[in-house]
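**Q** Input: one structure, supplied below.
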Amino acid sequence: MDINITPKLENVQLLDKYNLRNPSKGTLYFATTHLIFVDHEMRKETWILLMHISTVERLPITTAGSPLLVRTKTFQSVFFVIPRERDCHEMHQTLLRLSQPVHIDELYCFHYKSTPDDLPKSAGWNFFDIQTEYQRMNVPNDQWVLCTANKDYELCDTYPSEVYVPARASTAVLLGSASFRSRGRLPVLAYLHHNKAAIARCSQPLSGFSARCMEDEQMLDLIRRANPNCGYMYVVDTRPRINAMVNRAAGKGYENEAFYENIKFQFSGIGNIHVMRKSLQKLVETCEQNTPTMSSFLSGLESSGWLKHIKSILDTSWWIACAIESGVSVCVHCSDGWDRTAQVCSLAALFLEPHYRTINGYQALIEKDWLSFGHKFTARCGHIACDGRERSPVFTQLLDCTWQLLRQRPEAFQFNERFLLTLHDHVHACQYGTFIGNCEKDRRDLRLSERTFSLWGYMASHLNEYKNPLYNPKAHPDTLRPDLTAQSIRFWRGMYCRHESGVHPREPLGDLLPASVEHCSALDHHINYLAKRINTFKNLLSRRKDDNNKDNAIVNYRNGNVNSVAIEAKTEELQIDNKFIYESGGSLSEMESANHDHPLKETSANSQSTKPKKIPLITEKLDASLPASLALLEKEVNTVALDWKSVKNVTECSCSTPLDHYSRKHHCWGCGRCVCTRCVRGRSPLPALASARPAPLCAACSPTSPPPAPPPHTNIN
């Protein structure tokens, strides 16, 4: 990309809607992948990934300078005031160009270079296999088989190369049904329940007002008959009825119940991509109010209709799940079968199958129902410059619906809120090739598995950040039953208002609990270490006492004759009063005043008259793992911090990186401080832990680790 970029702009102001009278002043830097504002006085940095930029708007010039409003796809709004109007114009044009590349080869993922410590480029691309996923559902079987007709994407270029169809479906039926469906997206298997009820998916039929297709009618009948436990099936059209009727005028539409036997038809009324895009715009405007009141926020939230749309998606998904649970198969479609169909099919499977509520299962669900079946990620997320009407928050709504369920039933999900937010941000960041392209064929043509890194590989190396401490796989071993009443659908502040500053701290319980669990683990290992040391000293003292008893023969000179020596086995008469010596001899230490069997006291006769300069442990030759002196022992014990700093009020790392409620905070096991992800990369075993597992350490406590590097590209926030 040959673009003239101004490396930095001085004296730029950053306005905060909560503190308009005291804006931050600093330098605006233009990096290869980020726009960075640095407030040197407050030691504050604001990083904006260029691919996250959604809109850039120039506002009327003021006396302070030229305002520039930058909105991101992660719902961050940044208001800059640039002193010179010409600099503002150049910045505006540059951001527009870099945030929406013209060619797909210009995307970040094709130029991203991983650090040597990260996983190799191939990691993650082989985590998911569609045949393995269907085998987990016991497919193929007597009713469903693998179809090879789409091996080269000749049957449908937006479907995966491997699709599963009824075993009795002939090639003529498949070809005829594909020709009668929009974009050739014929009905195929998406999910098979253990009771043999199936979820099939497709696109709308090209029926118009009276057209029919015998092969398509046979295809649906074969899907119905693949479930031997029910004599009928449902066809769910996720669109509002009026929209489906309008499409009839264009030669498309929906199935005529008179032509399809044993079919029960159902409309669900989910809005199209244009309705959802406008709804999200209104929601963002509501969240950007400078002085929001309770009434203005609630009225804005209501007028946006966002929560109403979330509820309608969940209602439809739950309806499908209930039908499947009752043993009735369902065929789902919308217009083209890659937006609303993907939403409800994946959420219905989420209700029915506990596997999809795990980290790996949810990733497999995205791979199967979204990536393989052709959700248009590049178009819907605006990865490259294209028609703005194609953009829509379809995948964001899936994550929002999942969060609603996670909030209601946290014990049913292995992942936490950060897992969902990470997925959302990386879908738009284009740092990894996982979500690039509009279908499986696009990704193969671009050779993404060879040229880019996989998001799944990155997330696999950070699994501890995404684990839900409340997860209990036995809590919901079967169908997850949600509460879909109107008052139970909540506004997701963690997504849409996560970048707000100047308000009260918001530390999620999902971060406090892992920190407490980790702290308890560190203390348990330290207690085990102390117990081991105490037992070692007990054994050594016992051994020493036994040795003293063997040598407990002393000379008795009571007869006054040095030549006649009597050996006395009893020692009571010559025992030393330690208290008397300690009180009378001020120069004697407590150890010198002790009995001769003290473990830290010299045993030679000469040592009784002079105080040694160094008091070595008598055990140093018996146990090589013990420190050689008291100072070294004390140093070893203190390598583990007993008190950890609370994560509630931490706002900044020692490296000056800001830490908000969304940032992952780590504890150094050596000093107990909270640090950011890049500062806790050092891991090494600690002597005061009864565990060989490497413990997280900050740069100060890990002398072998290099100082923190500049923020890596993986930190897209």
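Cβ atoms are placed via backbone N, Cα and C, with glycine included.
Straight from TrEMBL, here's the annotation block:
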type	residues	note
DOMAIN	124-496	domain 'Myotubularin phosphatase'
BINDING	Asn272, Ile273, Cys334, Ser335, Asp336, Gly337, Trp338, Asp339, Arg340	substrate binding site
ACT_SITE	Cys334	active site, phosphocysteine intermediate
REGION	590-612	region 'Disordered'
DOMAIN	655-706	domain 'FYVE-type'
**Q** Let me spell it out: for each of the binding-site residues (Asn272, Asp336, Trp338), count the other Cβ atoms within 10 Å of that residue's Cβ, using every protein chain shown. Which one has the most?
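**A** By the 10 Å Cβ neighbour count, Trp338 comes out on top.
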**Q** Please find, for Asn272, Ile273, Cys334, Ser335, Asp336, Gly337, Trp338, Asp339, Arg340 as listed binding substrate, the greatest distance between any two Cα atoms, in Å.
**A** 12
**Q** Determine which residues of this chain, when Asn272, Ile273, Cys334, Ser335, Asp336, Gly337, Trp338, Asp339, Arg340 are set aside, have a Cβ within 8 Å of the centroid of the substrate site's Cβ atoms, and list them as they appear in the sequence.
**A** Ser203, Thr238, Arg239, Thr341
**Q** Around Arg340 (substrate binding site), which residues of its chain at least 6 apart sit with Cβ under 8 Å of its Cβ?
**A** Thr238, Arg239, Ile270, Asn272, Ile313, Cys334, Val394
